[in-house]
Amino acid sequence: MGEYEPKIEVHFPTSVMAAKGVTVRLECFALGNPVPTITWRKINGIFPKKARLRKSQAVLEIPNIQLEDSGTYECKAENTRGGTSFKGHLLVYSTPQWVRMINDTQMDSGEKLQWECKAMGRPRPTYRWIRNGLPLTSQGRLEIVNGELTINKVQQVDSGMYQCVAENKYGAVYANAELKILASPPLFVPNPIRVIATLGKDVSLECKPKASPKPRITWRRGDRRLQASKRITVLRNNTLKIVNSSRADEGNYVCRAENQLGSAEMTAILWVKEAMRVVLSPSRVEVTVGESVVLSCKATHDTSLEVAFQWFFNQKPIDFQQDGSHFEYIQTQTSTVDLMIRSILLKHAGKYGCRAQTSADTVFAEAELLVRGPPGPPGVVIVEEITDATATLSWTRGLDNHSPISTYNLQARSPFSLGWQTVKTDPDPVTGDMESAMAVELSPWVEYEFRVVASNAIGTGDPSTPSRKVRTKEAVPAVAPSNVSGGNGRRHELVISWEPVSEEFQNGEGFGYIVAFRANGTRGWKEKMVTSADATMYKYRDETFPPLTPFEVKVGVYNNKGDGPFSKVVIIHSAEGEPREAPSDVKAYSVSSSEIRVTWKPPNPGPGKPRGYEVTYWKEAEQEESAEKRRTVKNETSMLLTGLDGNSAYLISVKGFNSIGQGPASAAVIAKTRKSPPAQPPSNLMWIQEGNNISLSWDPVKAKDNESDVIGYMVLLKQEGRGHIQVTRTINPSTMLSLPEGGTYIIKVYALSEGGEGAFSTEVRVVTSSGVRAKSSQQSVHCLKQSITWTALISVLLMPSISW
């Protein structure tokens, strides 16, 4: 089929209705060749940003549709052969929603009620009013205009529940409110009232009855109705005001209130008293931080009235519980109070007020407290200029706290300092009238912060806020490495070491070391560059110089700015050689069936001194290649070889070693371990108990041909639960033991031989009666095979073997 222009086959209706808040989908599918492109637009309006195009833009989807999304939408299909379009109108409707609602209202009878309710919706909602469930219409005192309800001169019959209904074809909303009409005769509470006025001051007598409708108010004094004059006025709120009161104004004043429901009267009793005077002393006082002061407040007033006092600091009441450590309220007399301010701080400077109050009047007096103290912190610190060793600083003056600033200290902090440090300045000292100075003797290429501290005759104040961080400029290094030393290393090596220069003193980028050395007695220096700032060692190798050749050595520094100083010249020797001689007088002898002691003498002193020794040993019947090797700790001249086979001959040689290598081995010597100890344990243990003593005996142990001869026996006695072991040695197959009273005891026996310790016998457990000491001569005879007991003062039990 050939090319043809687009044709819209499926499209949305010409009129689409949608509820507010839903998602709307408009479809527009077209055929054509080439495949047409679909585009959308909103005619005479802004296309919604939230709209999404789906299915190759054939579907327009508008989520959460709102009233402003209403309008005419057009889809257009185009290809190279032409184009076509379709238009449809989208109408968004919504149920009514309140914009303004009515609220519960309480009114006096005779007043005018005006209520308005307003709602929005599409189509625009209409309104109707309901009272107590019945519809309302305009008639008489009641007028309804859309959402507005007006009732003129409300009456008791107008009370009730009202509803405003806003509705359209898609829904309705209701607003409810209650109207209460008040109706009551006048009532005064309290009645009478007593008013105390200050002589010469204005006084107001209020008349506020509870009444509905509003009552008519009249004032009288005695039987005479009060008329307005220059001194006496009835205000619009029915208050009686008397200007410049005098003693003659004292007496009873009556307020009468009347409405159609009744009348009532209230009596106001007026007394006129002398004005109170308050003196706060001292009115101005200066103190120093840490001192104390007392302010005294005295009131002169009519003695028939009680007076109450309250203290203020900078117009705020003083909380004596919270601030009790500094403020104390002291009542000295009925009409006098004191304020004790102790351990004064700078923050206590300001205005202190004393308020004295009676039922007639209130009088306030103030005093000023000035506090002398160390200066406040200076203002912002600015780094005006920076060099490799100086920084020019400026600052603004802080508060002097009533004592002139005498000096300033400049302080600096860097990554290398322990907190803030006072720095030297130019000029020195920095006097209190200055606001600029130079910090000197700083380290080059170090990041600093600066701050300023002010001092006066009272003390030193708080520091300023730190300046911004700045870095001093680079300079040639001025500090040489320390602790230059060396030695050791391998043959033909010169090892030079030093303590690196701290970053604080490297003075710039590209820092490194210059290592200079020459053979002692020669003239020319050899110099080598070490580019790492963290380096601590340099090794120089030359096959031509012999061991322990002395060298003059010095180490210098450099950076991108140039070369710095060298350290002092020190003498360092090249590495020594390996040991040249073998140890002498090597001897070896057996200690037991598994141990041989080896001793030797060190070689003659000279180059290649040993730093330790290596002992090589192997069985006589084996090759030296299978030998084991052990090294001494430090420079010892003997070693105990352990873990050897019994009754075996070993070849043993010794050689020295140091950091360079090993020296020649000594001639091998031969030593034979002793035969193994007897494997047979002592048997047929028998013992006789008499009192606290035990006579113990056993069969002698006979060594076999391949075992060491028995030279004695060891008897072990241990009280159960305790770590102490009693050891008894005997050459005979018997011994006497003494048992302490009360407890359980374990006994073991083993044979001794030149080859070491033999096997343990079966252990014996002896239990004695707690707290009983055997004193009789009665005996108990025991053996491992049978037990014959005459008197059981002590029970002896044969127990299975346990861990010793």
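Just so it is clear, glycine is given a Cβ too, placed from its N, Cα and C backbone atoms.
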Ranges 62-86, 462-486, 487-511: which does TrEMBL label region 'Disordered'? 462-486
With DSSP as the reference, give the number of residues of the domain 'Ig-like' (96-180) in helix, strand and coil. 3 helix, 54 strand, 28 coil
State the residues, same chain only, that lie 6 or more residues beyond the ends of the region 'Disordered' (462-486) and have a CB under 8 A from a CB inside it; answer 'none' if no residue qualifies. 374, 376-383, 386-389, 391, 393, 395, 398, 411, 413, 420, 442-453, 494-501, 505-509, 511, 513, 553-568, 570, 572
In the predicted model, what is the mean pLDDT computed over the domain 'Fibronectin type-III' (582-676)? 89
How do the residues of the domain 'Fibronectin type-III' (681-771) split into helix, strand and coil according to DSSP? 0 helix, 58 strand, 33 coil
DSSP-assigned states of the domain 'Ig-like' (186-267) in counts, ordered helix, strand, coil: 3 helix, 43 strand, 36 coil
